[in-house]
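What Swiss-Prot says about this one:
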- H254, H307: heme binding site (BINDING)
- 6-26: transmembrane segment (TRANSMEM)
- 88-108: transmembrane segment (TRANSMEM)
- 121-141: transmembrane segment (TRANSMEM)
- 154-174: transmembrane segment (TRANSMEM)
- 190-210: transmembrane segment (TRANSMEM)
- 252-272: transmembrane segment (TRANSMEM)
- 279-299: transmembrane segment (TRANSMEM)
- 301-321: transmembrane segment (TRANSMEM)
Amino acid sequence: MRTSHIATWLGTCCIMVLLMVFVGGVTRLTNSGLSITEWRPVTGVLPPISDADWAKEHEKYAKTPEYLYINSGISLSDFKRIYMTEYVHRLLGRILGIIFFVPMLYFAVKRQIKGALAARLGIVALLGALQGAMGWFMVKSGLVDVPYVSHFRLAAHLFLTILLFSLLWHSFLESRGVVAVHKVTHGKYIFAIFMLVITVLQMVLGALVAGLDAGLIFNTFPLMDGDIIPSQILSGELLTGKFLYNAVVVQFLHRFFATVVLVGAVAIPLLMRFKESWMLCFGIVLQFLFGVATLVHGVPLYLASLHQIWSFVVVALEVYILKVIRKV
């Protein structure tokens, strides 16, 4: 029963993280992330209530680069819409913190969390605190001189989320009694790890694509406006020290590693030949198709959101496979 309670708690935390990822993606895609100009973890729990409160928040926003260069003259009703989108994202973060920390303290006092699980959840707690700070660090980059957040900070924000989700998911699987049932060679085990690493790298590149709005260029597939490799890259752009600032290069890299992951997805069931490997193959192929559809349709909200959230499903499948295999 105790294990069941812990599993339910950890499963709820995983779902909450995915919900935060979804809302965070919507926040990014609707350009709502810079609407709240302060970080008030405690006093910012409630949104503006009165007309005077809303006018005050609108006045603060009117001093930001985004307002001055992009949204000058935005109506109060439109401002409320983007403000509430960002507010919901931050509120979910607070709720997730409560859902995680309160039960963890209870289970710790009852001595139901021990050993490796306790250490792992301690890391999750630290990552959660760091993630909140990173979120504000990211937003702050778009409130000073330029009307957009640093794409590197956006990528770091996502990377921390991936780590946090992976640790929670691994802990959930463990609490559910998931154990290694498939024997694989050392090489196949390393390949499974490689697939997880390359997927995470691809997700981070996806964040860079989002941060640079690189999905809004070269909306053709498989060629990039008629070329396999764009002329900007052939001219040596990839070799410069600032290639990750170039939207063309970043989109090309995202395409390239998507192909690498896809090839790996096809190889996994051929190498391992058990049910879970086919599930992963299907999940990655679906993610690849979501990515292509998002690109060629000009990054619509519903497809881009699906593409982002499904990447976490792929990570969950890869962590699951690493949990059910063992080296022989």
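Heads up, the Cβ atoms here are built off N, Cα and C, so glycines get one too.
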Other CB atoms, at most 10 A from the CB of H307 (heme binding site): 22
Interface-richest range of 6-26, 154-174, 190-210, 279-299, 301-321 toward the transmembrane segment (252-272), CB pairs under 8 Å: 190-210
Which of 6-26, 154-174, 190-210, 301-321 contacts the transmembrane segment (88-108) most, counting Cβ pairs under 8 Å: 6-26
Local Cβ density at H254 (heme binding site) - other Cβ atoms counted within 10 Å: 22
The transmembrane segment (190-210) vs the transmembrane segment (6-26): 3 or more CB pairs under 8 Å: no
Cβ contacts under 8 Å made by the transmembrane segment (121-141) with residues that lie 6+ beyond its boundaries: 33-34, 36, 39, 41, 90, 93, 96-97, 100-101, 104, 113, 149-150, 153-154, 156-157, 160-161, 163-164, 167-168, 171
Tertiary contacts of the transmembrane segment (279-299) (same chain, 6+ residues out, Cβ under 8 Å): 29, 195, 199, 215-216, 218-221, 258, 261-262, 264-266, 268-269, 306-307, 310-311, 313-314, 317-318, 321
For the transmembrane segment (301-321), sequence-distant contacts whose Cβ falls under 8 Å of one of its Cβ atoms, 6 or more beyond its ends: 14, 17-18, 21-22, 25-26, 29-30, 162, 165-166, 169-170, 173, 178, 192, 195-196, 199-200, 202-203, 206, 215, 268, 272, 276-277, 279-280, 283-284, 286-287, 290-291, 293-294
